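Below is one structure, written out as structure tokens, with a few remarks after it.
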Amino acid sequence: MARKAMIEKWKKTPKYSTRAYTRCRICGRPHSVLKKYGICRICFRELAYRGQIPGCKKASW
């Protein structure tokens, strides 16, 4: 319930622009969000593993 409330609060425009912060579009996680994709590292890893992010593949060297 608290997470849903925070997501609803995040969707509103803040009184000052500096109060705005990024959240994952899928799970609502506020930390470690990749701005380019708008999702957190955990969701990014799952989607990349399934091949749902075009042009993304696992690095190995």
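Backbone N, Cα and C define each Cβ position, glycine as well.
What Swiss-Prot lists as Zn(2+) binding site is C24, C27, C40, C43. Applying an 8 A CB threshold to same-chain residues 6+ apart, the list for C27 (Zn(2+) binding site) reads C40, I42, C43. For the recorded site, C27 (Zn(2+) binding site), the DSSP three-state label reads coil.
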